[in-house]
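I have placed the structure first, in the form of structure tokens, so that the comments after it can refer back to it.
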Amino acid sequence: MEGLVIEAKIKRIAIVDVILPKIENKTFVLLRNIFLVLSFTLLTAISAQLKIEIGPVPITGQTFAVLLCGALLGAKRGFLSQFFYLLEGLAGIPWFAGGGGISFLVSPSFGYIIGFVLAAFVVGFLCERGFDRRITTAILAMLVGNILIYAPGLLWLARFVGWEKVLAFGLYPFIIGDILKLLLAASILPLGWRLLKRKYSVLFLILFLICTHQSAFSSEKPLYTLENEESVYTLEEVKVVSPAKGADLEKISQEVKVVKKEELSEFGLKKVFSALELKERGTFGVQADLSIRGTSFEQNLVVLEGIRISDPQTGHHLMKLPLEEDILESLEILSGGASAIYGPGGFGGAINFNLEPSTKGYKILAEYGSYDYQHIFGNFGFSTSEIPFNLVFSQKKSNGFIWNRDFDIRTFNLYSKDDKKTLFYGFQEKDFGARNFYITKYDTEWESTKTHLFLVKKNIYKNNWFLEPTLLYRINYDLYLLDRKNPDFYKNTHKSQVFRLNFPLRYERTYMDYLLGVEVSYETLESSRLGDHLRQSTGFYFWLYPKISLRFFPSFGIRYDVITQNKDIFTYNLGFAYLLKEDLKLRSSFSFSYRIPSFTEFYYDSPTIKGNPSLSPEKAYNISVGFDYYKNKINFSGTGFYRYGKDIIDWIKKENIIQAQNIEILKTVGFTLDSNIIFKNFKPFISYTYLNQIAEKLPSARYSGSYLRHNFILGIIYNLPWHWEFFGSLNYREYYKRDKIFLVDLKIKKKFGKNLTYSFWIKNLLDEDYKEIGEVKAPPQWIGINLEIRF
């Protein structure tokens with residue numbers, strides 16, 4: 001390393017060229033430079049969203065990112081990163097602090113963006129000549145960079161505010177902040193050179209999240225080998241980002257959380273991952289709305305065994321899955337845009353349900369709790385002509401903790417799953433009091449739903465070809481009464497059908513993996529309130545996974561959807577994953593997603609609530625950067641994300657009418673930290689997500705703006721002596737402009753031999769009084785016991 005530093009003093013190279021190993025292969029050099037340029041383009045874009053509005057030009061973190069960009073990458077790459085930032089923003093990608101598009105050519109702040117390009121080049125030019133080695137010369141280089149940003153910025157701003165006000169609006173408010181950013185950047189660079197001299201290049205590399213690895217890119221070794229190949233930490237495959245065969249978790253550029261069966265059965269879906277919120281209108285699966293990273297219930301995808309489930313009537317029915325948690329092997333939660341894989345929806349992400357392989361054996365459970373809660377469950381595994389099957393039934397019912405919150409849920413499953421095929425049938429019938437679920441004025445609402453779900457999948461693997469054709473058919477019946485005491489007063493009936501075929505094909509080669517496929521959908525709705533409607537669509541998708549090395553995993557995916565009565569839509573996803581070490585992965589991704597309005601949003605019609613046939617599809621750009629650390633039995637991950645939503649659909653109240661409308665812009669920024677540790681008898685996990693949303697019409701919107709600003713989850717699994725087990729969770733929630741709540745759940749299990757288990761549980765131990773959606777009262781403290789027999 002010292003030799004490289006001495007060489008840097010003689011040659012005109014940037015600090016990143018000292019950190020990264022010397023390579024001779026020109027293709028690798030080009031790919032590495034492309035990665036560096038695009039990474040700093042993303043860094044500048046994310047920095048632009050960290051802003052304070054104080055006039056025509058907001059204070060942002062861009063200048064700090066631009067100065068570091070030039071200093072770290074050098075003149076040419078620094079120039080290209082900001083030049084691409086400029087071009088992509090003008091092309092419509094919401095890179096800039098105020099969005100994106102060609103209209104920014106006449107924006108008051110556009111001159112500063114021109115200055116970014118100039119500053120990155122000149123700062124890089126100076127740093128290549130040694131100005132970043134000492135604090136004094138580094139300050140001089142950063143000062144020159146700031147001048148080059150301000151010069152065109154002030155000249156351009158003067159056209160809008162006049163020369164007499166240009167300094168007051170474009171210079172004075174930023175002086176203190178820019179001085180601090182200048183000094184910070186000028187201090188980091190000399191420190192970096194000192195660390196390099198002391199052989200701490202990895203430490204400096206982590207600091208900026210820009211890195212590669214010598215053994216992965218060295219041209220002196222074969223392209224796909226490492227010195228110690230066994231030391232690379234290999235994670236499991238997940239289906240949520242690759243319907244055919246699955247993809248290795250270590251190669252995925254987006255945030256993916258895998259929830260195992262034990263966590264799901266003991267804590268439930270809503271208390272294992274903080275980026276996901278399950279907004280329940282009723283307890284024990286009565287009705288729940290899925291939200292990922294602050295999205296509405298319409299903006300997320302639900303997937304079963306790699307095929308998308310949808311409901312053309314409303315997203316309220318998406319989580320009405322006719323299956324029991326006991327037959328699930330795992331859940332895969334994808335945070336971020338998912339349209340390039342699955343098509344319409346997926347602003348916040350997607351959740352994939354993986355069925356457990358069929359097994360022999362029997363399980364019977366009986367449960368009783370507060371408010372006359374009763375639960376009977378049975379799972380019977382058997383074989384017919386050497387084909388394994390599982391037959392599952394369940395009933396949950398209660399009188400409710402207040403009047404008109406009673407429920408009765410019956411579920412039946414019959415399925416067979418092995419390495420070659422999956423056959424599944426599920427039926428669920430729900431009758432429940434829907435007090436204030438949809439209208440706060442009435443507490444007499446009642447609803448009944450019936451759902452059938454058929455799924456057939458065949459796994460065809462041959463050599464390097466992996467094909468998984470899948471058929472899904474879903475029928476949902478929905479009966480709604482405004483007054484359960486007077487059924488004929490106001491009644492809605494709906495019948496929705498979804499028929500979908502998906503043909504994903506994965507082809508693996510030495511230098512590239514390919515994923516391509518076609519999805520055909522046929523959706524219908526017969527409704528007494530919305531009318532009869534048909535929607536047909538065909539989607540074509542194609543993904544590339546170049547095999548550049550055993551540590552660097554880029555991916556690029558596109559999808560083209562043809563939908564009746566809508567414009568054809570093109571979506572895409574670009575991502576990079578990089579193994580800095582065997583147990584540390586860095587990742588970044590950028591994607592474009594969309595959603596077609598539901599038939600309820602288009603056609604609903606009542607005296608006070610109106611649909612809107614003129615609605616435009618929702619669109620969203622998702623940017624994320626993060627890391628995943630897996631060391632022995634410690635997992636830790638962090639992700640920062642930004643979502644720029646356009647034409648977001650919500651129900652806006654104006655005078656006495658609530659109507660579906662497009663909100664012009666909705667911005668969401670936040671981060672997630674997630675960790676779990678496995679000790680011998682003790683397994684704690686922690687998850688925290690922060691969110692902030694910005695839009696003009698949030699106060700009058702029904703759903704947008706109703707999100708968790710802070711969501712903290714702490715859970716523990718403790719194996720006690722004599723076959724006792726303890727499960728506990730603490731969930732701190734702070735909603736936007738609503739009260740803070742602490743939810744504590746406890747559960748104790750005792751095993752008697754191999755066949756009998758007794759459990760005692762308490763939900764909402766502190767008896768918090770709160771509401772999750774609108775005026776729907778959440779359940780109070782709930783106590784129960786159950787007895788489980790296996791044989």
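Backbone N, Cα and C define each Cβ position, glycine as well.
Among the ranges 5-24, 85-104, 705-724, the one that TrEMBL lists as transmembrane segment is 85-104. When pLDDT values are averaged over the domain 'TonB-dependent receptor-like beta-barrel' (371-765), the model yields 91. Long-range Cβ contacts of the transmembrane segment (139-158) within its own chain (Cβ-Cβ under 8 Å, at least 6 residues beyond either end) map to 56-57, 63, 66-67, 70-71, 108-112, 114-116, 118-120, 122-123, 126-127, 131-132, 166-167, 169-171, 178, 182-183, 185-186. Note on the domain 'TonB-dependent receptor plug' (249-350): DSSP counts are 23 helix, 35 strand, 44 coil.
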